Amino acid sequence: MKKIHVFDTTLRDGEQSPGVNLTTDEKVKIALQLEKLGVDRIEAGFPASSPGEIISVKEISRQVKNASIAALSRANKKDIEAAREAIKGAATPCLHIVLATSPIHRKYKLNMTKEQVLETAESAIRYGKKYFDNLEFSLEDASRTEIDFIYEVVHMAIKSGATVVNLPDTVGYASPETFGTMFKKIKENVPGVENILLSTHCHNDLGMATANTLAAIYNGVDQIEGTINGIGERAGNTAIEEVALALEMRSDIYQAKTDIVLNEIYPTSRMVSKLTGMMVQRNKAIVGDHAFSHESGIHQDGMLKEPTTYEIIRPEMVGVSSSTLVLGKHSGRHALKAKVRHLGYNLSQQELNELFQKFKALIDKKRYVLDEDIRLLIDEQYVNEESMFTLSDLSIAYPGNESEITVALTDRHQQTVQTTTRGNGAIDALFQAIDQSINTEFILEDYKIQSNSAGKDAIGEVHVILDNDGKKYRGRGFDTDIIKASAKAYLAAVNRFYEEQGKQPIESNAYKFSI
Ligand SMILES: CC(=O)SCCNC(=O)CCNC(=O)[C@H](O)C(C)(C)COP(=O)(O)OP(=O)(O)OC[C@H]1O[C@@H](n2cnc3c(N)ncnc32)[C@H](O)[C@@H]1OP(=O)(O)O
Ligand SMILES: CC(C)C(=O)C(=O)O
Ligand SMILES: [Mg+2]
């Protein structure tokens, strides 16, 4: 079996999904989980994009011990220096230089001739090689580049010292047939290609990212790039979990394997979804809620007789499991620990203790605590503990047919702000009250609510996207009370706003007191 190297770009291309802006702590958590998942290289970010990005990439480089850490850079010295500064502490750093090669990008974006593209790329690679043994060069928009020019650029990159050459389908334009042929031709026509890792990076604009990636593997690539849950720019990137499973299930075709630890897939997917706020589509392959559900009679009959009639992947294989252990009012820490393990999470003793307190609080409100409830409680623990504001009190009244909300928010300095507002419904009043408390106005661009477990007392999950001056902030909140879940989601987005801007709240006129 040929080994396929996995280059994860959840923290770089994945973070390019609109509205996703992870804090350093969140990025480190994801990076450590990606390492556990067994990816070979983690693209930690694009350091030249902001000083905050350099800090995050540095911290990831410090904490991740086994996986190689890559940083993206345009083909210029300034970007390369920023990348160098950010990943110099990594165990195995890798500089990733990108420059577009297609006629459209050359003409309209870069305003460069073919010769200028070659010269610019070569001098960037040679400059980068002074500091980095591992260097990847990407021909952005390769799938729309003339094949002869691809040969020239790939050859130049190899001669200049690139150790990985990546051919992305940047705009998701490729089809498996043409994309596979491109790699076959490169292997046949470019001298020295056998001495480097040939890589691919696909986007999902036509829903073919996984198919194109597999076609590339079939035609000889050594490395694939992608993200968890397929998040990323526009329609997203290749979903790593889909490729890993396709290779596992169809080794008869591809004769290739990744080092992905399959049963870490589901916990990783959950973590990425919760921290990015990007919900996984229910029918998404491998990690969607319905990926292993069987609804119709004939299928259920088949499953009962012999699961392989309708199930090609055992859910446990990817870390999805349901157990017969029922958690209730009288359950203790041992049962909770066993359930947590069964659900695919590894928690420290302190995390388990915190979860136990939350579990006991929930069982006072809910008759049965289901697997999904436990997952939500764990996911909620991922919320940044360093939040600017937390919800300390909330009450609702309906005087004269109007909705009136009183909300109390506590900041990091233990100052509490209390505001009472009326609105056109409880949610309108609630969000206005929060805006007034923090003296900042957000546009509510999206609001979604769903029940995540069964029963009238189920936990509600709310997602919001807020807009402030054109920038988007996502937030998520859980509670058995949906008004509280909405307040938590709104505050999670507000906290992201403050985190990103490094801002202090503006003094508000709301009633303020210390606790
Ligand atoms: C295919 C991909 O996903 S590539 C990664 C995309 N990711 C991102 O862009 C996220 C981070 N980006 C950013 O924060 C900003 O774009 C920055 C800080 C990098 C640059 O910001 P600005 O200096 O304001 O430039 P802006 O983004 O508006 O324009 C890009 C410039 O880089 C040039 N450029 C684009 N790609 C490259 C490249 N690979 N190498 C060299 N120059 C490039 C463009 O031609 C343009 O130059 P111009 O100003 O001379 O026309
Ligand atoms: C930086 C490159 C690899 C990229 O993201 C793309 O071309 O899509
Ligand atoms: Mg990309």
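Each Cβ is built from the backbone N, Cα and C atoms, and glycine gets one as well.
What TrEMBL annotates here:
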type: DOMAIN; residues: 4-266; note: domain 'Pyruvate carboxyltransferase'
type: BINDING; residues: ASP13, HIS201, HIS203, ASN237; note: Mn(2+) binding site
type: REGION; residues: 390-515; note: region 'Regulatory domain'
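Where TrEMBL records a feature, it is marked here on the structure.
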{"residue": "ASP13", "record": "Mn(2+) binding site", "DSSP class": "coil"}
{"residue": "HIS201", "record": "Mn(2+) binding site", "DSSP class": "strand"}
{"residue": "ASN237", "record": "Mn(2+) binding site", "DSSP class": "strand"}
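Long-range Cβ contacts of ASP13 (Mn(2+) binding site) within its own chain (separation 6+, distance under 8 Å): GLU43, HIS201, GLU225, THR227, GLY232, GLU233, ASN237.
A simple Cβ count within 10 Å picks out one of the binding-site residues HIS201, HIS203 as the most packed, and that one is HIS201. Mapped onto DSSP helix, strand and coil, the region 'Regulatory domain' (390-515) counts 36 helix, 57 strand, 33 coil.
Listed in sequence order, the residues THR9, PRO168, THR170, CYS202, ALA209, GLU225, GLY226, THR227, GLY232, GLU233, GLY236, THR238 complete the 8 Å Cβ shell around the Mn(2+) site centroid, once ASP13, HIS201, HIS203, ASN237 themselves are left out.
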